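Taken from Swiss-Prot as is:
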- Gly33, Gly34, His35, Asp52, Phe84, Asp106, Gln113: S-adenosyl-L-methionine binding site (BINDING)
- 295-315: region 'Disordered' (REGION)
Amino acid sequence: MKFKHKSVLLHETIDNLNPKDDGLYVDATFGGGGHARYLLSKLNRGTVIGFDQDEYAISMAKESFAEELKPGAEPKLILVHDNFCHLKENLVELGISDGIDGIYYDLGVSSPQFDQPERGFSYRFDARLDMRMDQSQELDAYTIVNTWSQKELSDILYKYGDEKFSRQIARKIVDRRREKPIVTTFDLVDVIKDAIPAYARRSGGHPAKKSFQAIRVAVNNELGVLQESLEEAIKLLKPGGRISVITFQSHEDKIVKKIFKKYSEVEIPRGMPMIPADSKPTLRLISRKPIMASSDELEENNRSHSAKLRVAEKL
């Protein structure tokens, strides 16, 4: 299977990095490599380091970017099979210690991951509950659904999925698993449908969409690793280097917005009448409001409707 994932906000994400001919850039979420391919076309002697924790994505990238991965290639691509929360240690291992010129994140889940039934991401295919981006980790969707407490389940469904029937769904999950384990995606879909009132199932898309999203976020600790990675990325940027982040969910965007605000504003310490002279912001926001997809892209790519791009520059 080949990646059919269509990159969202492609030009906006890369062009806002102000790519330098010989720059060093990090693609924190390589996926199908759409953003990386466009960035490589902008470089001459530069390097792109692509991170992905999904072994399948890395194996596909080795095929589709064979030329750029060859020793001595210019521009050069380096692939790293790891989570983007381990940026610094991997860069040090590669001998990079003087910073990077730019980094970007596309936080959408790649379409092929949903299209592989055995990955257990999708409510459209019947498969064992899994949802792990990194297939080597122990925690999976089956474990969460069958062992977490009713309160824990309710909390993640509400917090990560904005599911207003979170309590009803959590209660139904616990009741059902007392009878027998909830093993497959379709088992879980049936439980969710039973928990949601009939009137609510008739509108708003698939009734399991929000719950599946929430469980996926919990399985992969997506918000925790995002916050950790963004903090590290900002420290790794050289002065003038830029960071671009595409989000698709409100909880992701809130984290990006909060961290960008933290580093672009200087707080007056309590008890002091003014900002100390040596206190300076670390980032400059490229745009106060998030960059959204153009009308043309909205027509061509349905995924772009919820996409928000935020960009900042290291001072």
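Note that Cβ sites are derived from N, Cα and C of the backbone, with glycine treated the same way.
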Which of the listed binding-site residues (Gly33, Gly34) has the least company, meaning the fewest other Cβ atoms within 10 Å of its Cβ?
Gly34
The region 'Disordered' (295-315) - residue tally per DSSP class, helix then strand then coil:
11 helix, 7 strand, 3 coil
Using a Cβ cut-off under 8 Å and a sequence separation of 6 or more, which residues in the same chain sit near Asp52 (S-adenosyl-L-methionine binding site)?
Thr29, Phe30, Gly31, Ile58, Ala61, Leu79, Val80, His81
Let me know how many other Cβ atoms fall within 10 Å of the Cβ of Asp106 (S-adenosyl-L-methionine binding site).
27
If you count other Cβ atoms within 10 Å of each one's Cβ, which of the binding-site residues His35, Phe84 has the most?
His35
